[in-house]
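J.: I'd like to ask you about the structure that follows.
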Amino acid sequence: MMRVVLPLCLLLASIFAWGSEAAISCNAVQANLYPCVVYVVQGGAIPYSCCNGIRMLSKQATSASDKQGVCRCIKSVVGRVSYSSIYLKKAAALPGKCGVKLPYKIDPSTNCNSIK
């Protein structure tokens with residue numbers, strides 16, 4: 001259990017510490033995606049609040065700059081935290097499972113600069 005909790009704590013701490021020039025702060029990204037952590041780690045049903053958070057990010061990130069900022073925040077966190085490939089696959093599948101189309105993949109190799 002500690003192997004799961006420590007990376008999640010680091011994930012959340014790095015989200016709070018990371019800033020963005022876009023109108024949507026990394027703190028806002030964290031607040032919207034925080035309800036998804038339980039699903040990614042433990043599985044089960046996806047909480048409504050998780051899908052709602054993904055929808056809110058999609059609606060709030062209207063400009064290319066906003067979308068790139070959200071992408072960079074997610075990518076930065078994923079790149080700095082030790083995680084299992086299973087967690088990454090679950091996280092990457094969330095937008096589709098919530099019926100939300102994001103202009104980028106939740107993946108450490110995503111090129112956020114290419115988002116329009």
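The chain as shown is numbered from 1 upward.
Note that Cβ sites are derived from N, Cα and C of the backbone, with glycine treated the same way.
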J.: State the disulphide partner of Cys73 as given in Swiss-Prot, choosing from Cys26, Cys112.
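T.: When Swiss-Prot is consulted, Cys73 turns out to be bridged to Cys26.
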J.: Candidates are Cys98, Cys112. Which one does Swiss-Prot pair with Cys51 through a disulfide bond?
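T.: Partner cysteine, according to Swiss-Prot: Cys98.
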J.: Which of these links to Cys112 by a disulfide bond in Swiss-Prot: Cys50, Cys71?
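T.: It is Cys71, per the disulfide annotation in Swiss-Prot.
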J.: Just the number: how many Å between the Cα atoms of Cys26 (disulfide bond) and Cys71 (disulfide bond)?
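T.: A Cα-Cα distance of 10 Å.
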J.: When you rank Cys50, Cys98, Cys112 by Cα distance to Cys73 (disulfide bond), which of the disulfide-bonded residues ends up on top as the closest?
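T.: Closest candidate to Cys73 (disulfide bond), judged by Cα separation, is Cys112.
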J.: From the disulfide-bonded residues Cys71, Cys98, Cys112, pick the residue whose C-alpha lies nearest to the C-alpha of Cys50 (disulfide bond).
T.: Cys98
J.: Can you tell me whether DSSP puts Cys98 (disulfide bond) in helix, strand or coil?
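T.: In three-state terms, Cys98 (disulfide bond) counts as coil.
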